[in-house]
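Annotated features in TrEMBL:
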type	residues	note
BINDING	B:D100, B:H208	Mn(2+) 1 binding site
COMPBIAS	B:178-197	compositional bias 'Basic and acidic residues'
REGION	B:178-202	region 'Disordered'
BINDING	B:207-211, B:333-334, B:382-385, B:S389, B:408-411, B:K485	GMP binding site
BINDING	B:H239, B:H333	Mn(2+) 2 binding site
ACT_SITE	B:H408	active site, GMP-histidine intermediate
Amino acid sequence: MEYELRDHTADVAVAATGDTLEAVFAAVADGLAAASCDDVPVDVGDRFTVSVTAESREALLFDFLDELIYLRDVREALPVDHRVETIDELGSEGWRLEASAREVPLDEVDAREVKAVTYSEMRLEQTDEGWESYVVFDV
Amino acid sequence: MTTFDADGVTLERVREYVWEIPQEEGMRVPARILASEALLEEISEDKTIEQIKNTTHLPGITNHAICMPDGHQGYGFPVGGVGALDAEDGCISPGAVGYDINCGVRMMRTNLTYDEVQGHEEELVDSLFANVPSGLGGGGIVEAGVDTVDEILARGVDWALEHGHAVEEDLLHCEDEGMREGADPDKVSQKAKDRGKNQIGSLGSGNHFLEVQRVTDVFDDEVGAAFGLEEDQIVVLIHCGSRGLGHQTCNDYLRKIEQQHKGLLDRLPDKELAAAPAGSQLAEDYYGAMNAAINFAWVNRQLIMHRTRKVFERVFDRSWESMEMDLLYDVAHNIAKKEMHTVNGAERELYVHRKGATRAFPAGHPEVPKAYRDVGQPVIIPGSMGAGSYVLRGGENSMDLTFGSTAHGAGRLMSRTQAKNEYWGGDVQQELEDQQQIYVKAQSGATVAEEAPGVYKDVDEVVRVSDELGIGDKVARTFPVCNIKG
């Protein structure tokens, strides 16, 4: 699983790949953390869990990233080192994700504000090697 | 006819500075770009043209989708975009308003001259930086419970007045007197309120800033006098928005549209243009929530401005009233507003979406505050931290050409990632101080690099085009003295 920050005139885009759907979700989330902070401290902060449910895979990715930005603001801590444990299809109820991340208190890190995840140009696609995704964040 | 070719799209020159993209399949109206050839060259380098074309797919779009001279690629709608959508059979688009609802700028006058401030710049920039929360997680000027957030959402600057963060005169120099009608706090989610409650009175980061400036030029003496501006005078410019509360509100509604109006969404070329049909419950709900977020942003800028008055009191050892620190005006950049416009001779109610564009109503328009009705609405256009900013007044052609709008800033030229490769924050800061006597203080060196003067378009050219088109006329130019940012 890996990610790359891509050029975008006003904002920041993350391009990510992963062997599995879980891995690509985690890679995009790590890209979001990298867009917020150049040097993520290694041994600071505890892990916490996140669960998200949505009606489709793309909506699940959107809501997952939206939840991370929301949690950053209300807990005043930057979520980093993402692990997506499971992504399950629930039939008619849509999709559910269980994940965890480490939270670094904002006063211990030189971080910038990513305002929001956007649907603009968003891609989440299965490839021969696994999954790839492209997400633009509003900065 | 003169044309301009940009990556497979041919733009036709309608008149000087007005370029039109003819209608093609899916476009309900033509698109227009207002620019000089130099600005058009820059605009055509990213996806701005594609995005302004996409905007013309929105139902109810009237006359043209219009890109201002400072336009650049955004998400869905381009930054610098104006789209007037019919309020009866069109739609309202949270994506076309943008995440930072009522991101905007206000300017406060003082009676200080540059001479009086010289020698105090470091103390001033340090004190502003220490007292005005900025960056990520810096808290706000007031810590509030959800009840307070609800009051702010409903009442706007009137709440600030009651709690000693404003004076009566501040309300009279703000659009809608600082209180948007039709704000409905119940339509703003708990999540949005939770994000907002510890951010009331905070700049945030990115391109937001507070700048002490000096007036370098007054181009129009009569209007300059009406705005209370003269050369060498010190003014303060504040640029920020509705913080996490606004960002969350936008995404909450994008998702609701996706779930409730998928039919309309599937017909649009970019999911980020998500719109709720006029007359639907969701359109009403979003309008109530957006108006509430507009109030929140006004209170945010008001608290920062009032705190700035207190900082000046300490640094210059006299009362803010004696320094005549009065609000000149407050303009919104990301907003949709129900307005009456004349379209083909008939009056129509439109949701005018301005994303990275400023309302610029001309003299005589009933919605211009009384204080400025004879000269036109003040328009404040911030430049980068190494270039001038401008004060304009709504021009007499704005109602015909742009639904009463003009540009909102210099407009970005270079991506943030590229900026960080080209510039180092510390160097940028030192150069500004050594060469231009501009004192900058930021939470993050990366922010300084990303906002380096070289990443922006030439604000002088943007303003020149606005002035030549008669949509926003040049009144005065200011230049930075101190700048704080996130």
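Using N, Cα and C of the backbone, Cβ positions are placed for all residues, glycine too.
Within 10 Å of the Cα of B:D100 (Mn(2+) 1 binding site), the following binding-site residues from the list B:N207, B:L210, B:H333, B:N334, B:S384, B:H408 place their own Cα: B:H333, B:N334. In three-state terms derived from DSSP, B:S384 (GMP binding site) belongs to neither a helical nor a strand segment and is classed as coil. Cβ-based neighbour count (10 Å, all protein chains) for B:S384 (GMP binding site) stands at 24. Those binding-site residues from B:D100, B:L210, B:H239 lying by chain A, with Cβ under 8 Å from one of its Cβ atoms, are B:D100. Residue counts of the region 'Disordered' (B:178-202) by helix, strand and coil are 11 helix, 1 strand, 13 coil (DSSP-based). The secondary structure of B:N207 (GMP binding site), as reduced to three states from DSSP, is coil rather than helix or strand.
Neighbours of B:N334 (GMP binding site), defined as other CB atoms within 10 A of its CB across all chains, total 29. Within 10 Å (C-alpha to C-alpha) of B:H333 (Mn(2+) 2 binding site) lie the following binding-site residues from B:H208, B:L210, B:S384, B:H408, B:G411: B:H408. B:S384 (GMP binding site) sits 12 Å from B:H239 (Mn(2+) 2 binding site), taking the C-alpha atoms as the reference points.
The separation of B:H239 (Mn(2+) 2 binding site) from B:L210 (GMP binding site), Cα to Cα, is 6 Å. In sequence order, B:C103, B:G104, B:V105, B:N207, B:H208, B:F209, B:L210, B:E211, B:P382 are the residues of the chain that are 6 or more apart from B:H239 (Mn(2+) 2 binding site) and have a CB within less than 8 Å of its CB. Taking all protein chains in view, 24 other C-beta atoms sit within 10 angstroms of the C-beta of B:H208 (Mn(2+) 1 binding site). Take the CB of B:H333 (Mn(2+) 2 binding site) and look out to 10 A: across all protein chains shown you find 27 other CB atoms. Around the Cβ of B:N207 (GMP binding site), 25 further Cβ atoms fall within 10 Å across all displayed protein chains.
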